[in-house]
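> Take a look at the following structure, please.
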């Protein structure tokens, strides 16, 4: 029923566009309308399929309880916002640091939501929608075709769906968009405000999904460095620049990652394996497996190629067994086709050097994220949700290369 409503709204919005002169206005309200339906659909999915359980309701209940602690005076303001420790935190807030941060963040929105589940769902979604739309506007100023940006960032069904409602991924997309938007705005304005927004967004994203900024920020910085036309770099051949780029990338990502306890404690490979085994223990029908190795480092390294492939292209159409998973499989089939076309296109076009470094940066980010997320999440239902961290970039990269090739052929 939700999917039917989704299709009806899309059809109505397409008809509506014929009578509205401003295209950008139409696109925004189309996106907003679909996000509203997505919020309702996600809530329905968790209430029906998950029977009222799942992390969405856990986050809401814990955030409500934490806000009530502040309301009745059991905790002070600094304790409520997470700046001071509290004995009550051990009984209400999750032990896992990222979930604790998200719960506190939701609690800060409770005065606006007034304890209402759906209202909080719409508020957190709006926090994601606004920077996402601002990112779209900034990307359009770079000269990228509007339809590429709209299709890859706004209207991919799985991305639109899994970044709606009370989910970490909803806030994550908003913070990633905020980083991208502030960076692009800084490039043109050179102002202080974009830098402040970028830093705040990075700190929040670090607390929510630390592995995203660990990869995103070094690659973003290096892409900026190698496309800025510094005289020292101009003396080097493209091949030498690529080697230097890769070397600096390894050093910078290693340096940034060591700032987080997961990496400086040496537990990264252990945690990936622990997450993998924890999900497999549920014995869900949509689980998938990798080759078992006794050593955790070998498990990650030797399974990385197939994990990368899985994180990008699965589930295949023959691996689905429900209507919902069938829709996911159809979307992945379309992505696989566009990827094949994009790979073909890249050998048929002559890309400027600056664009090459952005494409290299994007591919490295996508490859690393797809590998790690699929290794630690061997379940198609969870994988399609978690890979919203990189699929918008993957879709944009594919469509950009295809459009470049088609433009050359004209």
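Using N, Cα and C of the backbone, Cβ positions are placed for all residues, glycine too.
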> Which of these ranges is annotated transmembrane segment in TrEMBL: 93-111, 169-187, 188-206?
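Going through 93-111, 169-187, 188-206 one by one, TrEMBL flags 188-206 as transmembrane segment.
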> Have a look at 242-263, 264-285 and point to the one annotated transmembrane segment in TrEMBL.
242-263
> Give the range, chosen from 7-26, 27-46, that TrEMBL lists as transmembrane segment.
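It is 27-46 that TrEMBL describes as transmembrane segment.
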> Out of 117-135, 242-263, 323-345, 388-406, which stretch touches the transmembrane segment (147-167) the most, going by CB pairs under 8 Å?
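Stretch with maximum Cβ contacts: 388-406.
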> The transmembrane segment (357-376): which same-chain residues, six or more beyond its ends, come within Cβ distance under 8 Å?
211-212, 215-216, 219-220, 222-223, 226-227, 241-242, 245, 249, 271-272, 275-276, 290, 299-300, 303-304, 307-308, 310-312, 346, 351, 383, 386-387, 389-390, 393-394, 396-397, 401
> Among 117-135, 242-263, 323-345, 388-406, point out the range having the most Cβ pairs under 8 angstroms from the transmembrane segment (212-230).
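The listed stretch sharing the most Cβ pairs with the transmembrane segment (212-230) is 242-263.
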> Please report, as numbers and ranges, the same-chain residues at least 6 past the borders of the transmembrane segment (117-135) whose CB is under 8 Å from any CB of it.
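Contacts of the transmembrane segment (117-135) (Cβ under 8 Å, skipping residues fewer than 6 from its ends): 28, 31-32, 35-36, 38-39, 42-43, 60, 63, 106, 109-110, 153-154, 163-166, 170-171, 173-175, 177-178, 180-181, 184.
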> Sequence gap of 6 or more, Cβ distance under 8 Å, 3 or more pairs: do the transmembrane segment (323-345) and the transmembrane segment (388-406) meet that?
yes
> In the same chain, who gets a Cβ under 8 Å from the transmembrane segment (388-406) while lying at least 6 residues past its ends?
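Counting only partners 6 or more residues beyond its ends, the transmembrane segment (388-406) has Cβ contacts under 8 Å with 144-145, 148-149, 151-153, 156, 158-159, 162-163, 169, 172-173, 176, 209, 212, 312, 335, 338-339, 341-342, 344-346, 348-349, 351, 359, 362-363, 365-366, 369-370, 373.
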